[in-house]
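Novice: Take this structure, written in structure tokens, and hold onto it; I'll ask about it next.
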Amino acid sequence: MLKVDQIDVYYGNIHALKGVSLDVAEGEIVTLIGSNGAGKSTLLKTLSGLLKPKKGDIQYLGASVAGKPVQDIVKAGISHVPEGRRVFANMSVEENLELGAYLRKDKQGIREDIEKVYELFPRLLERRKQLSGTLSGGEQQMLAMGRAMMARPKLLLLDEPSMGLAPLLVKAIFNIIEEINRSGTTVLLVEQNANMALSIANRAYVIETGKVVLSGTAAELQASDKIKSAYLGGH
Amino acid sequence: MDWLQQLINGISLGSIYALIALGYTMVYGIIRLINFAHGDVFMIGSFVGFYAITGLGLSIIPALILAMAVCALLGVVIERIAYKRLRNASRIAALITAIGVSLLIEYGTIYFRGAQLEVFPSALPTKSFNLWGATISVQSILILSISVVLMIILQIVVRRTKVGKAMRAVSHDVEAARLMGINVDRTISATFAIGSALAGAAGVIFGIYYTKIEPLMGVIPGLKAFVAAVLGGIGIIPGAAIGGLVLGLVETLVSALGYSNWRDAAAFIILILILIFKPSGILGKNSREKV
């Protein structure tokens, strides 16, 4: 579905990604783990079109999307939930969801999808008229994910959904990611919480200082000593 | 002293400031730029209205619409040519550019038509009627209704329409807005178009109300509308309307008390006071970053 081929990306003067390649097959949950500043968010931003690769290519559903405008990429079915949620704090929960469907014209379908998001996240239904800036971190994460789902993505990019959340909430969020995946959306998940990420992923890539240093199935990486000591808090 | 009369004068003046201030605040909200050329767009609106009435023989409402359309286009062109490429430049570079655009419009207008005054035709009936002892002209009622209608339309556009929601999204978080598939360039253009159209309408209304128009007429109302925008809370749309009305009322009050020479000073004293005591403005919240 997605094939990233040897991309080089600069973030200002910083050479943030160096020849990164990875692929994601339809229906998978693929996770990208690595420490702070390894280039995980840069990769997602490049996939969603916020950043342009200097070199290399990104193939999505058989066509190149490298350097395409963001709105074209969203239209093609890639939605990006950015790090830190980035909900529109000055707007209500429902307005945020409507903005998620900005490129769609089917009013009826949008209405139905808003109801679906409320089914997935009942907390949002309770707060639909509330300004999203007043939500808790967990609720904002739910809103950011619901908002991304409003574009009916085929591929969902999630950047650190567990950041700053209590363990119980992290679990709830990850259950929902699995549910979203079961209903047919492919997921590329960036996480620092490698334990959680590997527990729901099919495959994983490990990224260090802008390079993919390791990849394999989630089970393989969970068993790898190197990963255990560096990311899973083992010995 | 006729207080009701003064109140109506103050509201009329205030609604002109409010219309101009709305454009300032919308543009600031979306690209964090104080568009100092905005007062000159107001002047162009006034002249378009003048020529539409005297030259084309249009009546007031078509002239108003034409002035708004021309100004909307002018606003978009200014943004595309002068400001767009400075979006990632320092704020001071954009600010200086805005002052340059302002001077260009002022002296461009003088170059093409000369600096002489024009007397705005009295396009409205000069009738007036009495209300509780105050003489209220039909003009001021019409001016007020036009302003109120435009502000209601603006509020509906910003609150309910897709482009309005996109504008609010972009002003809050450009990158997140792009991730929704919002075309940021087009949204910024729309913001300039709407803000400039309101300034154009204000220009025509100003012409009707004060009758004299000239190429440098935008400078002082522009500055005062800027004060109004800051007073209400820059970037906040209802704030601009409130700031404009407050400023208009204060100025009228100062004149009514017999200090009409101090009228302009009053506006700037307000600016200084607001910057000292509540820089975020009447409706502004003191911004606190949420972690």
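Using the three backbone atoms N, Cα and C, a Cβ is placed for every residue, glycine included.
Dumping what TrEMBL says about this protein:
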- B:7-31: transmembrane segment (TRANSMEM)
- B:51-78: transmembrane segment (TRANSMEM)
- B:90-112: transmembrane segment (TRANSMEM)
- B:132-158: transmembrane segment (TRANSMEM)
- B:188-210: transmembrane segment (TRANSMEM)
- B:265-284: transmembrane segment (TRANSMEM)
Novice: Counting only residues 6 or more past its boundaries, what in the same chain has a CB within less than 8 Å of a CB in the transmembrane segment (B:51-78)?
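Specialist: For the transmembrane segment (B:51-78), the sequence-distant neighbours (Cβ-Cβ under 8 Å, at least 6 residues beyond its ends) are 23, 37, 41-42, 44-45, 101, 120-121, 123-124, 146, 189, 192-201, 203-205, 208.
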Novice: What stretch in B:90-112, B:188-210, B:265-284 has the biggest tally of Cβ pairs under 8 Å against the transmembrane segment (B:132-158)?
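Specialist: Ranking B:90-112, B:188-210, B:265-284 by Cβ pairs under 8 Å to the transmembrane segment (B:132-158) puts B:188-210 first.
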Novice: Counting Cβ pairs under 8 Å to the transmembrane segment (B:188-210), which of B:7-31, B:90-112, B:265-284 comes out on top?
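Specialist: Per the Cβ under 8 Å count, B:7-31.
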